[in-house]
Amino acid sequence: MERGNEKIKLTELVKLHGUACKLPSTELEFLVKGIVTDDDLLDKNILVGLGDDASIIKRNGLVIAKTVDVFTPIVDDPYIQGKIAACNSTSDIYAMGLLDIVGVLAIVGIPEKLPIHVVREMLKGFQDFCRENKTTIVGGHTILNPWPLIGGAVTGVGREEEVLTKAGVKVGDVLILTKPLGTQTAMALSRIPEEFKDLISITEEERDYIINKAIEIMTTSNRYALKALRKAEERVGDKIANALTDITGFGILGHSNEMAKNSNVLIEINLLPCIKRTPELSRLFGHALLDGYGAETAGGLLISAKEEYKDNLIDELEKAKCYAFEVGRVVKKGEGKAVLSKDVKVIEI
């Protein structure tokens with residue numbers, strides 16, 4: 001986008017990009033500790049409060065899921081940025097096991113010098129993604145802000161028996177991931193200035209593949225993976241998933257750790273499926289991808305699945321053109337943490 005003769009790069013207007021702008025999990029825990037207490041959440045209609053992907057409230061025989069997600073640009077194209085933001089915002093509803101999103105309140109932060117037509121392109125991308133996923137913007141809020149921001153407050157509905165949380169993980173479960181890792185590193189590659197490109201041993205063809213693969217991942221809705229899970233469950237006539245989350249700013253190990261902590265189990269991650277070349281690039285950029293903490297934007301679902309049904313689940317995911325990586329397993333009860341296996345394998349996609 002251009003302002004007069006000046007080329008506008010959204011990513012140059014911020015210091016942190018996408019889900020990397022989020023508060024670290026330990027600081028987030030400290031922030032809310034003692035402010036929202038257990039007593040505040042005693043209402044029997046609050047089925048899920050803090051610490052999950054969305055809150056779940058029971059009303060008139062249905063459950064309402066509520067979540068909010070807002071972040072900074074990770075790409076320069078405002079339309080694509082809008083689609084990524086909508087994908088990320090809606091994902092937390094799907095990560096609770098619910099398919100029906102009844103509306104989205106768009107939230108936009110606008111720097112004073114950012115042309116309004118750029119903001120309109122972001123909103124257009126956001127709304128187009130919503131339409132593609134059977135929902136719509138129903139309202140929202142805008143503010144003037146030093147950094148551009150876009151996201152939404154999302155409401156989903158469903159039945160109580162459909163809800164999946166981070167707390168249901170069982171010993172013996174396998175963990176299935178529905179998107180590769182490495183979006184943080186891939187998009188950092190896209191921001192390398194022209195004068196420094198020669199310092200990185202990578203062809204233009206490889207660079208384009210890495211960046212386009214990341215954008216494809218960040219604009220692919222987790223709705224498709226959840227629908228595949230439901231189809232697999234219909235096929236076997238039983239529940240397959242014991243727990244569910246999505247992989248975003250805390251990385252695969254950070255989000256696995258939340259599942260392990262909430263379920264009081266030990267999870268071992270033994271596979272890191274990554275976008276091509278991002279493992280070596282992550283070392284160069286100082287990202288924690290190979291430690292399991294690479295910040296993902298609009299990452300995949302992480303499904304804690306019953307081992308006896310994993311082949312059925314993988315088959316339905318692949319039929320839906322989703323990735324299906326078996327990335328770990330639940331080793332034992334107790335400990336309440338996730339760890340990388342000593343012989344963790346890294347594969348490139």
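Each Cβ is built from the backbone N, Cα and C atoms, and glycine gets one as well.
According to Swiss-Prot:
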ACT_SITE  Unk19  active site
BINDING   Lys22, Leu50, Gly51, Asp52, Asp69, Asp92, Gly140, His141, Thr142  ATP binding site
BINDING   Asp53, Asp92, Asp246  Mg(2+) binding site
SITE      Lys22  site 'Important for catalytic activity'
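Positions of the features from Swiss-Prot, shown on the structure.
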residue: Unk19; record: active site; contacts (Cβ under 8 Å, 6+ apart): Phe71, Asn88, Gln184, Thr248, Gly249, Ala295, Glu296, Thr297, Ala298
residue: Lys22; record: ATP binding site; contacts (Cβ under 8 Å, 6+ apart): Leu28, Phe71, Thr248, Gly249, Ala295
residue: Gly51; record: ATP binding site; contacts (Cβ under 8 Å, 6+ apart): Lys166, Glu258, Asn262
residue: Asp53; record: Mg(2+) binding site; contacts (Cβ under 8 Å, 6+ apart): Thr67, Ser91, Asp92, Ala95, Met96, Lys166, Thr245, Asp246
residue: Asp69; record: ATP binding site; contacts (Cβ under 8 Å, 6+ apart): Ala85, Asn88, Ser89, Ser91, Asp92, Gly151, Gly152, Val154
residue: Gly140; record: ATP binding site; contacts (Cβ under 8 Å, 6+ apart): Val104, Leu105, Ala106, Ile107, Val108, Gly152
residue: Thr142; record: ATP binding site; contacts (Cβ under 8 Å, 6+ apart): Ile107, Val108, Gly109, Ile110
Could you say whether, by DSSP, Gly51 (ATP binding site) belongs to a helix, a strand or a coil region?
coil
Rounding to the nearest whole angstrom, report the longest C-alpha distance spanning Lys22, Leu50, Gly51, Asp52, Asp69, Asp92, Gly140, His141, Thr142, listed for ATP.
27
With every protein chain in view, what's the tally of Cβ atoms within 10 Å of the Cβ of Asp92 (Mg(2+) binding site), excluding that atom itself?
24
Let me know how many other Cβ atoms fall within 10 Å of the Cβ of Asp246 (Mg(2+) binding site).
24
